[in-house]
Amino acid sequence: MGLSSVERIIPGARWLRGYSTEFFAADFIAGITVGLTVLPQSLAYATLAGLDPQYGLYSAFMGGAVYALLGGCREVTIGPTALLALMTSRHTNLGGMSGPHLAILLCFLAGIVELIMALLRLGALVDLISLPVTIGFTSATALIIGASQLKGLLGLPGSPSSSSFLPTMKFIITKFTDLSPSDALLGIGSIVILLVLRKLKDIKTPEDATKKRKIFGGLLWLISTSRNALLVLISSMFAYHAQNSGHTPFILTGKVKAGLPSFSLPPFETDISGQNGTTIHWDTMDMITELGSSIALVPIIAVLGNVAISKAFGGAGIDATKELIALSLSNILGSFVGSMPVTGSFSRSAVNYASGVKTPLGGIYTGILVILALSVLTPYFQYIPRAGLSAVIISAVIFMIEYEVIKPLWRCSRRELFTVALTLILSLAIGVEIGLLSGVFLDIAFVMHRTARPILSFEQCESLSAIEFTMMKPRHSLLCFPATEYIRTALNENIARLERSPTFVVIDFRNIHELDYTAAKGIIGLKKELALRKITLILLGCDEKVKLMLKTSSKANDVWQVKDENELDILLQDVKGNPKEELKHVIAPLLAQEDNEDDITVIRKESQ
C-alpha cells in the first residue's frame, strides 16, 4: 500500500496507520524512560550552556513533538546535548538577559541554516567531515566539557577567565586548595555510583530464566537506565533535608522558574552589561555579529550528529533531506518556546531503542513528562546540588573520548591518526571551531595531494613474445590537471634510471575511468615528447570515456591503444618489425571511430 498525500507531506502520519494498543504501551514506556534521562540531563546541559536550568527543560519537549511528525527514525530523540551546550556557552556570559536571548536566537538561526541546507540538498556536506576529524573533535569536546564541570564538581569559588580548556585547567589547579569537601565528596562519589549503575544494564538475563529472574533483570535495567534521575532525586532529598535542618553542605542549583514558557518570536534585540554597571543595547546585527561562526558550525555539528544517529539505528533507508527538515523545524519552532540549539542525542536514542520504542510518538510522551515537570516539579529543582549535575555531565561525556582508535590507526593509517591529533590539540589549545576546520582542511589537502600526486608504479615487463617494455600503472581512477606534469616528470625520471632507454612505454589505463581535458592534452604531449626520443607510447585498456576525451583533445588520431595483453603483444611485434612505418593499418588509434572491433580483426589477419 502506497503513501497517502498526507503521509507524503507529514511523514510521521504513517506511524498512525494501524497504531495499536501494543504500540501505545511500548511507546509510552519508552517515552517515560527517556524522560527520566532527559530531565536531569536538560538541567545539567542548560547549566553547561551558561543558562538558568529551566532553559534546558524548554529545549526538551518541542523537538520530540516535531520529530514525531516529520522524522523517519523511531529511535531518535531530539533535545539538548553536551556538545551544542558547550558551543552555545561561548555567547552567554555577557550579562543581563543577553545569555538566554543569544542562545534562543542561535537556535532559530541554526534551524534556518538547516532548512536551507535541506532545500538545497546540502546534507552531503557533512561527508567532508571524516571519521578521524569527528573523533578528534568529539574527544576534545568531551575533555573541554569535563574540565568545565570540575568547578561545580569540586565546589570551587569564582570562575575561570575563559571557557576554553587551558584557562579552565589553570583555574582548577590554582583554586584546587579552595575546594568544598562536601561538594567534592558528593561529586566524585556520584561519578563512581553512576559508572557502577551504568554496568547493571550489561547483566544479561538468560532466555530460560524464571519469571522472578526476568523481573529482577528488568529492574536492574530500569535502575541502570534511570540512574541520572535516581542520583538527582536522592541527592536533592538529602540537600532538602539538610536545608530544613539549618545546614547548607552543598552548592545548590537555585530557584528554577516555574511554569511553561510563553510562545513568542525569538528575541532579535537584547541588552548586555557594560563597564561600570552600564547597559548596552544590541540590535539584530549586533547579536548576529556576536554569534558569528556559530551560526554555521552549530547546524553543521547538529546535522552531523543527527544523521549519524539516524543511520546507526534506522539503517540505509533514512532520507537525509527529510531528517534535515525535521531537525530544522525542531530548532525553529523550539526557539519560539525558549529553546537553545538541539539535535539528536545518541545516549538517549540508545535508551529509546533499548526500551522497545515502536514509533517516534515516544518523543511526544517524553515531551509530556517534561511539561509536567515544568508545571509541578520546578519548586523542588532548586535543591539539586550542582556537584550532582556536574557528575551527570562528566559521566556522560567521558565515553565520548575515543582513545581506543589510537592503536588501530597507528598500525594501519598514521596519516589519519595525525588528523585526529591535530584536530584534538588545536581544539584544546585554540578552540573547537579552529580544530574542526583545521581537521577538515587537512583531509581536503590530503585528497588534493592524492589528486595532484597519484601513486605510480613502474615495472620492466615482457610481452607474450618476450618483447621488453616499461609499464607505468596509476593506482587511482582519476587523472586530472594537477597530476599532468607530475606524471611526465616521474616517467622521465624512471627512464633516466634505466641502463638503456626503453623502446616502448605502456601506460596501464585499466584503472582509469575519468580523464580531464588538461590531462588528455598532457598524454598527447607526452606521446610526442617520447617519439622524439624514439620511444613509442601505448595506452592499455582505455574505457569509452577516456577514448572520447582523447579524441576531443587531439586533432590527429595518433595515440596508440590496445585492449589487453594479447593485442599489446601483436602491436609490439608489428612495431618492432616495421620501425619506420606509421603503422596506422596495424591498429586503430585510441581516437578511432566505433569500428574498433573491425580494425582489430585486420591486425590479427596481418599478423598471421
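Note that Cβ sites are derived from N, Cα and C of the backbone, with glycine treated the same way.
Curation plays no part in TrEMBL annotations; they are all automatic predictions.
With a threshold of 8 Å between CB atoms, the same-chain residues lying at least 6 positions outside the transmembrane segment (23-45) that come near it are 53, 56-57, 59-60, 77, 79-82, 85, 222, 225-226, 228-229, 231-232, 253, 256, 345, 347-348, 351-352, 355-359, 361-366, 368-370, 373, 381, 384, 389-390, 392-393, 396. Marked as transmembrane segment by TrEMBL: 23-45 (among others).
Among the features that TrEMBL reports, transmembrane segment is placed at 65-87 (among others). Long-range Cβ contacts of the transmembrane segment (65-87) within its own chain (Cβ-Cβ under 8 Å, at least 6 residues beyond either end) map to 10-13, 15, 34, 38, 41-42, 45-46, 48-49, 56, 59, 138, 141-142, 144-145, 148, 163, 294, 297-298, 301-302, 305-306, 309-310, 313-314, 317-319, 322-323, 325-327, 329-330, 333-334, 339-345, 348-353, 357-364, 366-367, 393, 396-397, 400, 432.
Per TrEMBL, the feature transmembrane segment maps to 99-122 (among others). If you look at the transmembrane segment (99-122), the same-chain residues 6 or more away from its ends with a CB under 8 A from one of its CBs are 49-52, 55, 59, 88, 91-93, 266-270, 287-288, 290-291, 294-296, 298-299, 302-303, 321-322, 324-325, 327-335, 338-342.
The transmembrane segment annotation in TrEMBL covers 128-146 (among others). Among residues of the same chain six or more beyond the transmembrane segment (128-146), those with a C-beta under 8 A of the stretch's C-beta atoms are 48, 82-83, 86, 163-165, 168, 300, 304, 393-394, 397-398, 400-403, 405, 409, 416-417, 419-424, 427-428, 432, 435-436, 439-440, 442-444.
Sequence-distant neighbours of the transmembrane segment (179-197) (same chain, 6+ residues past either end, Cβ-Cβ under 8 Å): 152-156, 223-224, 227-228, 230-231, 235, 249-251, 385-388, 390-392, 394-395. Feature annotation from TrEMBL assigns transmembrane segment to 179-197 (among others).
Note on the transmembrane segment (218-240): residues 33, 36-37, 39-41, 43, 186, 190, 193-194, 197-201, 203, 205, 249-250, 252, 351, 354-355, 380-381, 383-385, 387-389, 391-392 of its chain, located 6 or more positions outside it, place their CB under 8 angstroms from a CB of the stretch. Look at TrEMBL and you will find 218-240 (among others) tagged as transmembrane segment.
What TrEMBL records for 291-312 (among others) is transmembrane segment.
Long-range contacts of the transmembrane segment (324-342) within the same chain: residues 46, 49, 51, 55-56, 58-59, 61-63, 66-67, 70-72, 78-81, 84-85, 87-88, 100, 103-108, 110-115, 117-118, 123, 260-266, 298-299, 302-303, 306-307, each at least 6 residues beyond the stretch ends and with a Cβ under 8 Å from a Cβ of the stretch. The transmembrane segment annotation in TrEMBL covers 324-342 (among others).
The transmembrane segment annotation in TrEMBL covers 362-381 (among others).
The transmembrane segment annotation in TrEMBL covers 388-406 (among others). With a cut-off of 8 Å between Cβ atoms, the residues of this chain six or more beyond the transmembrane segment (388-406) that come close are 40-41, 43-45, 47-48, 82, 135, 138-139, 141-143, 145-146, 149-153, 186-188, 190-191, 194-195, 198, 228, 231-232, 235-236, 253, 347, 417, 420.
As annotated by TrEMBL, transmembrane segment applies to 418-447 (among others).
The annotation domain 'STAS' is assigned in TrEMBL to 479-551. The helix, strand and coil residue counts that DSSP assigns across the domain 'STAS' (479-551) are 41 helix, 13 strand, 19 coil.
If you look at the transmembrane segment (362-381), the same-chain residues 6 or more away from its ends with a CB under 8 A from one of its CBs are 26-28, 30-32, 34-36, 38-39, 42-43, 53-54, 57-58, 60-65, 67-68, 71, 74, 77-78, 236, 240, 253, 256-260, 352, 355. Residues 86-87, 128-130, 132-133, 135-137, 139-141, 143-144, 164-166, 293-294, 297, 301, 405-406, 409 of the same chain lie 6 or more positions beyond the ends of the transmembrane segment (418-447) yet place their CB under 8 Å from a CB of it.
Beyond the ends of the transmembrane segment (291-312), by six or more residues, the same chain brings 72-73, 75-76, 78, 81, 83-84, 87-88, 90-91, 102, 105-106, 109-111, 113-114, 117, 123, 125-126, 129, 134, 318, 320, 323-324, 327-328, 331, 341-346, 349, 433, 436 to within a C-beta distance below 8 angstroms of the stretch. Mean per-residue pLDDT, taken over the domain 'STAS' (479-551), amounts to 90.
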